[in-house]
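Enquirer: The structure under discussion is supplied below as structure tokens; questions concerning it will follow.
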């Protein structure tokens, strides 16, 4: 792919925000200093190709995006700021219109004249559009000297690619898509945004955590599984793929999970619990684990309504926490999707305000920043959410053709869920796995819900009668010491 960067500028709030604004990063924010910038990729196909001709593209399309960005930053001014820390190592995000070192949002314009929208939508992995998304391999900690948001708008042969990199120490997915929808709203002609962000982080957790920022020798090192403690082992080749579960497929999976009435009178399984159980089970089968091997499921859960007192949906920042659970691989394989869904449901239900506070208290006593190594042995970890209305982000030239995550923050077993382009309750699943495991997964008719499903897939991990040596109920509860 031939890409030419045409310009790189910075965008600040159109009307300067008066005074120096400072917000201490909370215990919900700080662990993400060790992660990489959170990348998003949106692809738009233009109906009127004349909008791609110069000077129209620069003078109208690009300038409208930049003008809208400047206006929306008046409300989301933290994104135009920078990370800072005091002498004790307490981190904050700050914005000061008078500070010459605060440049605002980085905004680049690029051209890829020979690339079409279809060229990019047909690609499974992120390699094809990696150059279209800024800040590959950049740690959030670098927000001390870099902008907290970088945008790259690339003109294609028949459309526009928008790559974004958000500093994950400053905001989570809910805040990201609140910002994106607000920016798009302004670009479509609104005089003001419909929903204001709630900016006071201290209402969620009012603590001053002092951090010892000793960077790891290799911040890019990631591992997952038996070889995590053996640095001499060559890391496996990882591949990425999108699985698109149609409205019908999601309904089918949910119906199957709920076809068995739980003996403990638990609630019906949600779409999320049913689908992620389906994926967890089939990834475990494809990995060919031993029946007694433990497999961990991790979900980054929104805690806005879980904390006490609850925070508004518009809370700007990170208000997520990892929930860990797990079971023996054989137990997961020997049962239908209701088993994994029950394990997931119980873990999520148990993660109430008291558990959240206890996790935060524990972390504050002994904070560890650089933990981007392992989400748990043989894990499947879930980020993003299909409830984010990503296909409604319309800047005035139509809804996106596709929405993806970038190449950052991927490891063996990591998956991102997005609202399906097909509508309804369809869900697109991006997942990263070892190449050999992915090959088995794409051949599984049962996983893909093909007309002819594979039979007795679960026998691969059982001892013949559907049982394994478990600990009674097969659950492994997370202790909060893993991936966050």
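Quick reminder: no glycine exception, Cβ is built from N, Cα and C everywhere.
As the structure is a computational prediction, the values presented were derived from the model and not from experiment.
From Swiss-Prot, for reference:
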ACT_SITE  168  active site, proton acceptor
REGION    211-233  region 'Disordered'
ACT_SITE  394  active site, proton acceptor
REGION    452-484  region 'Disordered'
COMPBIAS  467-484  compositional bias 'Gly residues'
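Relative to the rest of the structure, where do these features sit?
Expert: Its Cβ taken as reference, residue 168 (active site, proton acceptor) is surrounded by 26 other Cβ atoms within 10 Å in the chains shown. Mapped onto three states, the DSSP output places residue 168 (active site, proton acceptor) in coil.
Around residue 394 (active site, proton acceptor), the C-beta neighbours below 8 angstroms that are at least 6 residues distant in the chain are 184, 188.
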Enquirer: On the three-state reduction of DSSP, what should I expect for residue 394 (active site, proton acceptor)?
Expert: coil
